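Summarising the annotation, Swiss-Prot assigns domain 'Histone-fold' to 16-83. According to Swiss-Prot, the feature region 'Disordered' maps to 229-309. According to Swiss-Prot, the phosphoserine annotation covers S236, S245, S255. For 239-251, the entry in Swiss-Prot reads compositional bias 'Acidic residues'. Sequence annotations record features per position, and here Swiss-Prot assigns compositional bias 'Basic and acidic residues' to 252-264. Residues or ranges marked as compositional bias 'Polar residues' in Swiss-Prot: 296-309.
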Amino acid sequence: MEKVEAVTVSNVDPYRRILNKVVSQLLLDKGAGQASNHSLETLTQMLQALIWEIGNSAHNYCELSGRTMPTVGDVSLALINMGISISNLDPYMRKETHVPIPLPPQQTQQRPLSLLQAGIKAPHPHYVPSYFPPMPDPHAYIRTPTHKQPVTEYEAIREKAACQKRDIEKALTKFLCKTTETNNLFPTEDNMFPLIACKPAFPPYAAALNPTDQVFDFEELEYHYLVANRTEDEPSKDDGEEGDSENEEMDGDKSKEEKPELDIKPNSNTNKAILENPNIDNPYLRAATLPKRSKNCPTPGTMPSRSLATTAPTIRTPSTLEITKTNL
């Protein structure tokens, strides 16, 4: 038996290709060794139209009987209506020389490259058809919490509590050393090893609530009272005129030396501090001082003095009227 020549099918429909193979196999069974392309396409088209008509008629008989799925009886009625004998189908099926149609080669499905795939994709559930797209990657279902999980280990909790307690005690000690009186552990360095003075105050929270920028205690109030009531002697004024400017300088030096100082009795710690440190940082508590007068500037309220040696007698100049009268 001659082999049928290979025929190229231009159509890419897979069902059309299967029908083309069926027609070629039937031609081989009947002894046809060769077939042209046009005849093979014509026979394929005729077989396709026959199968379509059989299926359409069987569907109509099925709906006429009130059913949705056709049965063997519906197909038999469709064949009989088209004039095809059913009795010849049984011996044709039992024919031993029948050559089966080879199955189409199974093509290996190319797996899509999942470069960013994490994990194994979950299969479809039973109610999802297989032709649906695959499920997403497992990382798409990961739920990332936005907060940190609390630490529940016993050792970590105790260590954290101990660190917090140590930091609180250290900060409180530094705060008390800067705001209250302290004792020095060693006499060399004052700020190396400070100790909090054991002087309880009542109530203890009053020191923290009161402002500490300027504290007015009784000693400072006493000093403020002394400065406010302080009086200074005015410098002596000369009624007459002095002979020279040198005498003015000598008298000015004597008046400065004769100014009495403020008598402050060292009866308190504040007065001692005043005597030791006369310079006061607070400008409002500082004693008022008179501005220094220069050598050439006169004292306010007095006329400038003139020496007799330097002053010359004034000569009156005659007017033009007097000159004319004398000439006449």
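Glycine too: its Cβ is placed from the backbone N, Cα and C atoms.
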Per-region confidence, the domain 'Histone-fold' (16-83) (mean pLDDT, whole number):
89
Helix, strand and coil residues within the domain 'Histone-fold' (16-83) as assigned by DSSP:
52 helix, 0 strand, 16 coil
